[in-house]
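TrEMBL has this to say about the protein:
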COMPBIAS  410-422  compositional bias 'Basic and acidic residues'
COMPBIAS  424-433  compositional bias 'Low complexity'
REGION    410-444  region 'Disordered'
TRANSMEM  36-58  transmembrane segment
TRANSMEM  166-185  transmembrane segment
TRANSMEM  206-229  transmembrane segment
TRANSMEM  235-258  transmembrane segment
TRANSMEM  270-298  transmembrane segment
TRANSMEM  318-338  transmembrane segment
TRANSMEM  350-373  transmembrane segment
Amino acid sequence: MKFPGSVLASVFLFVAETTAALYLSSTYRSGGDGMWQALTLLFSLLPCALVQLTLLFVHRDFSRDRPLVLLLHLLQLGPLFRCFEVFCIYCQSGHIEEPYVSITKKRQIPKNGFSEEIEKEVGQAEGKLFTHRSAFSRASVIQAFLGSAPQLTLQLYISTLQQDVTVGRCLFMVLSLLSIVYGALRCNILAIKIKYDEYDVKVKPLAYVCIFLWRSFEIATRVIVLVLFTSVLKAWVVMVVLVNFFSFFLYPWILFWCSGSPFPENIEKALSRVGTTIVLCFLTLLYAGINMFCWSAVQLKLNNPDLISKSQNWYRLLAYYMLRFIENAVLLLMWYLYKTDIYMYVCAPLLILQLLIGYCTAILFMLVFYQFFHPCKKLFSSSVSEGFRQWLKCVCCNCRQQKAHESVGKTDLRSTGDRDETPSSSKISSMPSQILNADELCSA
């Protein structure tokens, strides 16, 4: 049975970040910064509450008589209890023989064009561990993008204004960045397992390293760009955030309304229509929060029973990163034009160049992952290199057509110019003969 390392990582980041937030808020209180203390507590306690609700929802504890579990979640101790429960199940799994097992069928990734179907026995303990892993994966994504991402932006903004980074704040920002990157990594793995649910997917360690580097560069550069822009144009950043948020929040609903599909009723049998609407709004809220800072790797599709599109849309991925790169460049340009005296000792052109190169590095690691380390790359209809070759062919063909049109236009201009110059030259050549004839007449 697989060691529940993902559960341990999720609980560690949850406890460490919450503890650091409480400590930092106490320092803000002692320093008289009431607004920073309130915002730090808000971005810490709100995701904590959402994590508790997520764990209760996934384990369906609302419909079961477990008052102790509900009390522990109310005291914000739910993740610790769940982690203890996970390791109890893991330690007892090898000592107790299970009378009932279920058989799951998965297909192997094709090798040499052939794919075999394998059967695997799954006991009750392994099924419980799978549920716990799934719950903590979703909780990590919620904590990362509804708590850690705005928290990191806030603390970096405070450090920029105060021009000082304390040890506690530095440690807190490192934990927040790790939490966001880990949440994005879990989002990638969830997307792969949902899209290729019928296959036995095994992610290699190099794939984890590549995703970690991809997400680290992408999220770090995005947060720094937002902080720099906010420090000089505080009023305009509200419009930038609202446009980004509502674009991604309303996009799945617009696609759903345009499809004309009936309202999804199969999310959870115990939920009413109002409860289903709340769950869907929360999912789109999380979807918008993820795309504010990085590529979500999953596409919400509300008219799908799984609520997620299983098709790999390369054009949407390309459009997202192109638009995000342009947006980052524009925000950095606005910061450069309106920067204040606090950036007196900062080489602005070099900083802009470093941030743009950092974002391009993230895109490079993403391409490397999809080309070499994606566990299901053999199932792609076209690889990244093939798509890049096709794009180059299209660009070359367009350039050749433009050159051909330009050469045709130049030859047409030359031909018309020659036609215009021919009669004029004949006139010029006839003028000397006329002059000579006149002179000869005069001499005669």
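Each residue, glycine too, has its Cβ placed from N, Cα and C.
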Out of 206-229, 270-298, 318-338, 350-373, which stretch has the largest tally of CB pairs under 8 angstroms to the transmembrane segment (235-258)?
270-298
As a test: from 166-185, 318-338, 350-373, pick the stretch that has the greatest number of Cβ pairs under 8 Å with the transmembrane segment (206-229).
350-373
Could you give the residue numbers and ranges of same-chain residues that sit at least 6 residues beyond the transmembrane segment (270-298) on either side and whose C-beta is under 8 angstroms from one of its C-beta atoms?
60, 62-63, 141-142, 145-146, 149, 180, 184, 187-188, 190-191, 194, 215, 218-219, 222-223, 241, 244-249, 252-253, 263-264, 307-309, 317, 320-321, 366
